[in-house]
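Notes follow the structure.
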Amino acid sequence: MSNDVDDESKIETKSYEAKDIVYKSKVFAFKDGEYRKAEILMIQKRTRGVVYYVHYNDYNKRLDEWITIDNIDLSKGIEYPPPEKPKKAHGKGKSSKRPKAVDRRRSITAPSKTEPSTPSTEKPEPSTPSGESDHGSNAGNESLPLLEEDHKPESLSKEQEVERLRFSGSMVQNPHEIARIRNINKICIGDHEIEPWYFSPYPKEFSEVDIVYICSFCFCYYGSERQFQRHREKCTLQHPPGNEIYRDDYISFFEIDGRKQRTWCRNICLLSKLFLDHKMLYYDVDPFLFYCMCRRDEYGCHLVGYFSKEKESSENYNLACILTLPQYQRHGYGKLLIQFSYELTKREHKHGSPEKPLSDLGLISYRAYWAEQIINLVLGMRTETTIDELANKTSMTTNDVLHTLQALNMLKYYKGQFIICISDGIEQQYERLKNKKRRRINGDLLADWQPPVFHPSQLRFGW
């Protein structure tokens, strides 16, 4: 018995050191007053020591951050990633057998499923965007190359690529591992210093500076304050480079053609990617229009937010990407952008819907807008109505109307048919919102606006 006790006393729990932490391992890092499991996405050696870029489990990516070993509790252990399975290679002279007739028929009739993309460790050749640049470009925006660390994307057939583009237009989900790491520390735009939320494919050298200075009019980017000040002395732009199509006593809207203002539109896409996680930037902005909302002062028109849309959308999308700059969020500008997009859709005599997927904040804003529009219409009607009639009056798609009614639990089955029913709670909540003073888009100020018409050559990607 005593021998067993001696043997147990010799058993020691494994102790870990900082050198045991590897890429993609999981550790317990201090966050919000307690230690939480976090995944190691990058390890860097700096002058002050080794730092780790971590993603906390069940947390949004915008909360990813750099931490030191002092924030990691090694006594709780390290969870290592599973080893990668070796790929099976066919030997020389071996030909794959043809599948049986039954298997061939099954493969034809079965619905196809797209496998999730896996990042490759190979480095692609440097790629540059095609098309001519705008006049007046500078060293800060001559080209927008992908970062060297960018991984080679999966090879897709023409049909798969078209389907992927059609699913999300100008932007798609970014499958690359490098895109999981926020590469810009801080940006300075106007009087505001902002910490970005996500990765954006700015040139590599900008990830090595403390602050990236961005012009609030042309959105050119610089790595030093001196370069930025020299640019401001020469920059003559005081508003977005397009036509002002809407103006009231509060805001203005400018319409910009991506084909005519490539550099400006690319710069605004790079900036917006810092605050959008679910989408990846395409450098060819030719097939898109940009509608920019600005506030005016004695210095010019300052961008508050914008949305882009395809010049021609086969799915009737009236919006490709939407963003309110962080310094202007929670002031009601998002709803103004959404309302303006639907006002344009009404002038086009169409039904519209935003491209999917929406960001988390975008989805919240759209659901609130849809709910307000539908409840307002239903409460104001004295006769029976249908989903198609609601869609026609709001320029929303029938799917969006149906989704909103279901989300609000307004569809009830009564005497063999579905009816629209508003509960007392929803009506009271709507009355409270109605009493709040909020700015709205005046559709009458768009009476002179005509939907732009484009030649087929102006609608294709030019890369």
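A Cβ is built for glycine as well, from the same backbone N, Cα and C atoms used for every other residue.
Predicted, not measured: the structure shown is a model, and the values here were computed from it.
Site annotation (Swiss-Prot): acetyl-CoA is bound by ALA320, CYS321, ILE322, LEU323, THR324, GLN329, ARG330, HIS331, GLY332, TYR333, GLY334, LYS335, and the candidate from SER353, SER359, SER395 recorded at this site is SER359. In the predicted model, the zinc finger (212-237) has a mean pLDDT of 96. For the zinc finger (212-237), the number of residues in each DSSP class (helix H, G, I; strand E, B; coil) is 10 helix, 5 strand, 11 coil.
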